[in-house]
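Taken straight from TrEMBL:
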type: BINDING; residues: Arg66, Gln84, Arg89; note: substrate binding site
Amino acid sequence: MSDEKPPVEICKGVNDLDKVVLRGLRGSSAEVYLYGGHVTSWKNNHDEELLFLSSKAIFKPPKAIRGGIPICFPQFGSHGNLEQHGFVRNRFWSIDRSPPPLTVSCNKAFVDLIFKPSEEDLKIWPYSYEFRLRITIGPGGDLMLTSRIKNTDGRPFSFTFAYRTYFSISDISEVRIEGLETLDYLDNLKSRERFTEQCDAITFESEVDRIYLETPTKIAILDHEKKQTFVLRKDGLPDAVVWNPWEKKAKSMMDFGDDEYKHMLCVEAAAIEKAITLKPGEEWKGRLYLSVVPSCYRSGQLAPLRVLQG
């Protein structure tokens, strides 16, 4: 009798919440909670965790899960009339048994989720829509999230959006981001004042909370100590958020360990500066594609250009 586990498995997670486990061909995996349509784990072929999940994360509605990849919709942050980062991250999603066609090559494990607003949700944000989310893990361990939001209302509506991805890192002092140099950004620590990035690479010595604008489709996150590079590719998402709460803010969050800021970094594919507007019947698609590769060295320096240009 084979001990091989299925590529897609529905089971119970923390606090008896339903989750879906996706397994790649060579040992990689991802876990997705139906609460929030929330990816909480992404492991490579060596069973190493690539996403940060706080040891103090609260898996209990209505609190959103701290870490992984929460989805911010229909509002990013507190820039609007809704609760912080919208509400789909703390609602229960369903498995979509009959999703519209979406190309997927063989040897990929995936699950389709769907969220439709309840009567209570419509009192908060009075528009009808269907939010479909496909989470896929490829044979090489790459992770892809594809969101499709369709306006099923009789009126147009506008929204902002982000895949708030918490990467697991060795130490925040050992990490840098490449691909955002020379770009304009809005600094959330300075009332969204607009600046231009002057550094060749983004490194961290204090709290950072920025929205980079008109960003490239590919961003590299280099971890010197682990000698690995996360490659973030995105489609339909022009902005990129970079966030680390640092020491003071970390201590103020009840679902976040005091020193955990050292081992996480949020780099988020997003659409924030210019809201997306859908007319009745229109559909928007936004895709996030994550991979991790060994960092290459040249003269003692990490060389991400091969990653960004490859």
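In case you wondered, yes, glycine gets a Cβ from its N, Cα and C as well.
TrEMBL does not curate its annotations; it predicts them automatically.
Of the chain residues outside the substrate site list Arg66, Gln84, Arg89, Lys63, Ala64, Ile65, Pro70, Cys72, His85, Asn90, Arg164 have their Cβ within 8 Å of the site's Cβ mean position. Fewest other C-beta atoms within 10 Å: among the binding-site residues Arg66, Gln84, that description fits Gln84. Across the residues annotated as binding substrate (Arg66, Gln84, Arg89), the widest Cα-Cα separation comes to 13 Å.
Counting only same-chain residues six or more apart in sequence, the Cβ atoms lying under 8 angstroms from the Cβ of Arg89 (substrate binding site) belong to Gly36, Gly37, His38, Ala64, Ile65, Pro70, Ile71, Cys72, Phe73.
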